[in-house]
Every structure is written in C-alpha cells, then in structure tokens.
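Per TrEMBL, these features apply:
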{"type": "DOMAIN", "residues": "44-273", "note": "domain 'NADP-dependent oxidoreductase'"}
{"type": "ACT_SITE", "residues": "TYR60", "note": "active site, proton donor"}
{"type": "SITE", "residues": "LYS85", "note": "site 'Lowers pKa of active site Tyr'"}
{"type": "BINDING", "residues": "HIS120", "note": "substrate binding site"}
Amino acid sequence: MSSRRMAKSLSLKTTLKLRSGAELPQLGFGVWDSPSHLTTKSCLEALKVGYRHIDTAQVYGNEAEVGEAIKKADIPRKDLFITSKVLAAEGDEEVTYQKCLESVKKIDGDNGYLDLLLIHNGQTQGARGIKALWPVMEKLHQEGKLKSIGVSNTGVGLIESMKGYAKVWPPHVNQLELHPWCQQREVVEYCHKNGIAVEAYCPLVRNKKAADKTLKSIAERHGKSTAQVLLRYCLQKAWAPLPKSDNPERIAQNANIYDFALSDEDVQSLDGVGEKEAEALVVAVDNKKTS
C-alpha cells in the first residue's frame, strides 16, 4: 500500500491491533525526562487534546505521577492505554514479580492493571536477563495485571532466542529508537512479519535535525513543523511514535498531524537522509546478538 493511500484512514483514534487482542493507540505520549513535578500536568494536557496512550518506565521515576493523571482525568480507564518498563530482574522470581507489580500499583492501584509492560533494554540484558524477566511477565499477563507484554531495544536474534522457553511468543510489542536517521529496517521488517507492533521512541530526534534541508523542505511544502513531519512519517510507516514534551503548545502541536499526508516521494526522501547519515541517539540493536 502506498504511503498516501495508507494515510487516508489515519486519525487520532487510529490503533494498532496487538496479538494479545488489545488495541494500541498509534500516537503515544512519552514522559521520559519529564520532571515528576510536571508529569501529572503534562499528562493531563495530553489527555485533554486527545492522546490516549501514555508511556513511562520505572527508571523515569514518574510512574506515580502518571497514575495521578489517570485518577484526575475524566476518562474511563478502559479508554486509556498505559505502558511502563522494567529494567532487570532482581533476586528470585518472587522479588522480580513484586518489582513488576509495583509499577501496576503505582500507576493504577492495588486492583489495577497495566495495558503494557516492556523489558526496557533487551540489548543490554541479553538472553539471560530477558529469560529471568519474561516468565514473571507472562504470569502477570495470565493474571490480568498486564494486558500485553513486550520488549524494547531488542534485536532479531534475542527475540528468536525466546522461542525456547516463552509461552507468550512473539512479544506483543518491540519499542525501538526510530526516525529517518535510525530506521533499523531489519528488526522492523522482522517485527511486522511476525505480528509484533513497533513503537518509536525519539521520533523527533530530540530536535537535533530540525535544520536538515530535506526535512525543512518537506515541512515548508506542507505548512507544518519539522516535528509534525517526523511524527507523520512514523504513522505512515505503521510505527507508534512516542513524542514527549512538557510544553502545552508543543503537546497539542504534536497531535495535530492528521490534516495532511506525506507523499510517497516525501517518505522516500526521508528514508534517503538516513541512508546517507545514519545516527542512533540511544541505541541501534544488534540483530545477530543471541546471548
């Protein structure tokens, strides 16, 4: 399907169907590096303009503040999709279980649930670290505390290595650094082929490429900001981008990406800049890594 034909059906209500049966709102709101005293306010601002998908992590130190936003928002819990991430197993299986459950409690209370929990960095955890976490996450998934489970920063080899023990395979989601300068095509194609939803963190490249000539030209032609073009690029790639901001104006602007569409030529041009100047801000996965 061409980028333009695919683009016609996109809206703020567009979701990606996960293998778990859950519907993942394609546009997410990230809270990485959001100071805890601003997180609740920023999440409420995002929810006000139509975001329904919020992405946090244990290491961000703001899960409780995301939970506070959920309580304050006049939106049914079933209409929200909340993700967190756990870095590593700790101690025995029971200690690890409680560590994962802690995220559920901080965000949605003792009787709550998370829509998605991810292993934060499969690349650094390796096969052993993933194996220590995954059965615990499967148990919480079976208990209904985690509606979906997945990985982040995890390449093809490590996902394949999970087949030997995983009851839930493939992972429902793989969250990766994705933007024109870090396209990670091999793992993205693998995920799409295997029904693994792909999420894109750092979709705005932390504004480091705002002066890129190709990007600026496309933005000017559409009368949009470079950030809006980058988010639209993600949507038309069937990725779920996770922009973050604590600025109310930018939060709203980042959601205003459904009144234009990139042409196939626009998408190809953005694909091309990455081929000439590949650059990962955080990590590009090693797809050959299996241990």
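Keep in mind that glycine also has a Cβ here, set from the backbone N, Cα and C atoms.
Mean predicted confidence for the domain 'NADP-dependent oxidoreductase' (44-273): the pLDDT average there is 98. Taking Cβ-Cβ distances under 8 Å and a sequence separation of 6 or more, the neighbours of the residue listed as 'substrate binding site' in its chain are ALA57, GLN58, VAL59, LYS85, VAL86, LEU87, SER152, ASN153.
Counting only same-chain residues at least 6 apart in sequence, those with a Cβ under 8 Å from the Cβ of the residue listed as 'active site, proton donor' are VAL31, TRP32, ASP33, SER34. In the shown protein chains, 23 other C-beta atoms lie within 10 A of the C-beta of LYS85 (site 'Lowers pKa of active site Tyr'). Mapped onto three states, the DSSP output places the residue listed as 'active site, proton donor' in helix.
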